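Read the structure below first, then the notes.
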Amino acid sequence: MATASFDSAPGASRALPAIEKAPEVTALSTLPGRKASLVGLTREGLKQALIGIGVPERETRMRVSQIWHWLYVRGAREFSEMTNVGKGLKAQLAEHFTLDRPEVVTEQVSRDGTRKWLLRMAPTGAHDHNRGAEIECVYIPGDDRGTLCVSSQVGCTLTCSFCHTGTQRLVRNLSTAEIVSQLVVARDALGDFTGQMPGKDGGEVGRLVTNIVFMGMGEPLYNLDAVIDAIAVMSDQEGLALSRRRITVSTSGVVPQIERLGLEANAMLAISLHAVRDELRDELVPLNRKYPIAQLLEACRNYPGLSNARRITFEYVMLKGVNDSDADARALVRLLKGIPAKINLIPFNPWPGSKYECSDWERIERFSEFVFNAGYASPVRTPRGRDILAACGQLKSETEKLRARARMMLEEGMGAEAVYADQVD
């Protein structure tokens with residue numbers, strides 16, 4: 001069953017600065033008559049849910065603490081599991097709410113152990129044809145960590161020319177609960193909640209998911225309210241208990257929101273740079289036409305908490321004959337002078353219809369060596385999950401295809417039900 005969010009739509013509580021207006025797309029309210037899920041809620045959202053069913057406000061702090069533990073430490077799927085919650089309250093909760101997660105439409109496992117989930121969110125009405133928006137998230141296991149790549153939007157507005165997600169139009173922002181629920185789904189699938197596997201004590205030690213990267217579908221800083229609240233839930237030490245130093249938010253360069261991200265989320269920052277000249281970055285990352293490289297790097301220099309211990313990661317996709325020359329490497333080092341940084345070199349991951357090729361391995365190594373010798377860590381990101389289109393730049397949900405088919409059928413006088421009856425998962 002898909003998750004129905006009780007959280008208010010992103011952007012409802014905190015206005016963006018006038019200089020930067022996010023796209024007018026939000027997570028719409030739950031369908032009438034549908035129970036909302038408590039999974040993914042903030043503490044305040046959970047408090048308001050309890051008040052809404054008649055729990056006295058003086059009791060809410062204790063009740064929120066109890067339920068929070070079952071949601072985010074134990075991973076409860078039924079209210080009956082909540083042994084320290086009174087029978088009457090459990091009955092009330094079951095009457096009004098669920099503990100549903102997003103529906104797992106498909107799970108693919110790569111030869112290298114990477115997992116990709118296609119998740120369907122709760123339906124919100126005509127906006128998504130009563131079916132529910134679809135997004136992807138990816139789990140990447142490593143020797144000393146496990147990284148979950150989460151999405152912040154359904155689709156993307158940025159149309160970066162090398163990115164598969166950029167070929168899918170933006171449908172809407174995800175709510176806080178929909179972002180957090182991606183971590184809940186991953187922990188469910190991996191048996192990563194306390195009590196599900198031996199040695200799980202609620203802390204980071206022994207966890208399979210140790211790191212979160214906002215590098216899935218969408219531009220996180222265009223949905224910053226929801227992202228900040230999601231990070232607060234993920235890093236709450238009485239719940240999901242991730243360290244904020246293990247949460248990284250990647251942006252293509254929404255300059256006016258970068259400082260606020262640092263002040264309110266205190267997360268690690270990654271920049272999708274990919275070029276050292278404005279004319280090339282204008283093509284690769286069209287947002288550069290609004291916020292050129294000089295403005296972006298100035299915002300990076302002023303990022304709250306920036307230090308050698310909290311470096312900014314600059315992502316640089318290696319495109320054959322496009323941005324991979326010795327001159328590009330020298331220019332990159334000059335641009336980043338004075339910024340505590342590391343540079344992630346990303347071998348381009350091909351996807352159907354792309355016009356780019358990955359740089360030769362020898363060229364990538366030469367580029368990396370030049371940057372390293374200039375004093376910057378320059379790891380080459382090992383491509384993971386390429387065989388299931390789960391690697392960097394390859395994510396794309398089925399939503400865009402569904403919307404196109406819906407428009408076509410509606411033009412032919414067919415209802416939305418026909419679209420989904422015809423869709424084979």
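Keep in mind that glycine also has a Cβ here, set from the backbone N, Cα and C atoms.
Sequence annotations record features per position, and here Swiss-Prot assigns active site, proton acceptor to GLU136. There are 25 other CB atoms within 10 A of the CB of GLU136 (active site, proton acceptor), with all protein chains counted.
Among the features that Swiss-Prot reports, domain 'Radical SAM core' is placed at 142-389.
Taken residue by residue with DSSP, CYS149 (disulfide bond) is part of a strand. Residues or ranges marked as disulfide bond in Swiss-Prot: CYS149-CYS392.
According to DSSP, CYS156 ([4Fe-4S] cluster binding site) sits in a coil region rather than a helix or strand. Per Swiss-Prot, the feature [4Fe-4S] cluster binding site maps to CYS156, CYS160, CYS163; the stated evidence is sequence analysis.
Shown in sequence order, VAL213, PHE214, MET215, PRO220, ALA270, ILE271, SER272, THR313, GLU315 are the residues of the chain, 6+ apart in sequence, with a C-beta less than 8 angstroms from the C-beta of SER250 (S-adenosyl-L-methionine binding site). The annotation S-adenosyl-L-methionine binding site is assigned in Swiss-Prot to GLY218, GLU219, SER250, SER272, LEU273, HIS274, ASN349.
Per Swiss-Prot, active site, S-methylcysteine intermediate is recorded for CYS392, and the stated evidence type is sequence analysis.
The record assigns GLY218, GLU219, SER250, SER272, LEU273, HIS274, ASN349 to the S-adenosyl-L-methionine binding site, and the maximum Cα to Cα distance across that set is 19 Å. The average pLDDT the prediction assigns to the domain 'Radical SAM core' (142-389) is 91. Put simply, of the recorded positions GLU136, GLU219, LEU273, HIS274, ASN349, the one whose Cα is nearest the Cα of CYS156 ([4Fe-4S] cluster binding site) is GLU219. Rounded to the nearest whole angstrom, the C-alpha distance between CYS163 ([4Fe-4S] cluster binding site) and ASN349 (S-adenosyl-L-methionine binding site) is 9. In three-state terms derived from DSSP, GLY218 (S-adenosyl-L-methionine binding site) belongs to neither a helical nor a strand segment and is classed as coil.
GLY218 (S-adenosyl-L-methionine binding site) and CYS149 (disulfide bond) have their C-alpha atoms 12 Å apart, to the nearest angstrom. The binding-site residues in question are CYS160, LEU273, and the one with the fewest Cβ neighbours inside 10 Å is CYS160.
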